[in-house]
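Asker: What Swiss-Prot records for this protein is below:
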REGION    1-56  region 'Disordered'
COMPBIAS  25-41  compositional bias 'Basic and acidic residues'
REGION    49-141  region 'Required for RNA-binding'
COILED    89-181  coiled coil
COMPBIAS  113-123  compositional bias 'Basic and acidic residues'
REGION    113-189  region 'Disordered'
COMPBIAS  124-141  compositional bias 'Basic residues'
REGION    124-136  region 'Required for nuclear localization'
COMPBIAS  142-162  compositional bias 'Basic and acidic residues'
COMPBIAS  163-181  compositional bias 'Acidic residues'
Amino acid sequence: MAAPSAPRPPRPRKEPQPLVIPRNAAEEQRLRLERLMRNPEKTVPIPEKLNEWAPRPPPEFVRDVMGSSAGAGSGEFHVYRHLRRREYQRQDFMDAMAEKQRLDEEFQKKLERNKMIAEEQTAKRRRKRQKLKEKKLQAKKNKLEQKKQEKESDQSQERVSSEDDEEDSKEEEEKEDDAEEPSFVMGRG
């Protein structure tokens, strides 16, 4: 018998989780992610993709059976019936796969068409934005040039006015000089 050992320490109790009922798929997914992230070391079972059902390939060799004619025996009829059922099943499967493939191709074409339309609209909007940007830049340049021209014209006007002032002051000085030396005296004859 085993020797009596010291009693085991009690396991740490897990906190009871509140019962949360997801209202929609997004909330359910969020809850699952939270549950997974509580213990990131735990491995997550990822289910394998189930193989799609496919009918058996047609038999390579078919015995000559009488089929559903009146002279056929019951065993031969059952063989014929099973072969016929499998062939119909295979044809139905091939038709369904062709339809699925056609729908997938249409869907891909539709996606491509929608993508092209979206790219065209984006390009159109981009051109419009670029044009507006260029227009704003041009307006800004014109405004700066106009300000420069105004400054230059103001400076040239100041120069001209200063030159005019200098000429006026010279003329005034000359007039003052003229006033000192009258060319004629009024009242003298």
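Every residue, even glycine, has its Cβ placed from backbone N, Cα and C.
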Asker: Could you put numbers on the helix, strand and coil content of the region 'Required for nuclear localization' (124-136), residue by residue per DSSP?
Answerer: 13 helix, 0 strand, 0 coil
Asker: Count the residues of the compositional bias 'Basic and acidic residues' (142-162) that DSSP assigns to helix (H, G, I), to strand (E, B) and to coil, and report the three numbers in that order.
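Answerer: DSSP composition of the compositional bias 'Basic and acidic residues' (142-162): 21 helix, 0 strand, 0 coil.
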Asker: Please average pLDDT over the region 'Required for RNA-binding' (49-141) for the predicted structure.
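Answerer: Averaged over the region 'Required for RNA-binding' (49-141), the predicted model reaches a pLDDT of 88.
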Asker: Please count the residues of the compositional bias 'Basic and acidic residues' (113-123) that DSSP assigns to helix (H, G, I), strand (E, B) and coil.
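Answerer: Each residue of the compositional bias 'Basic and acidic residues' (113-123) counted once, the result is 11 helix, 0 strand, 0 coil.
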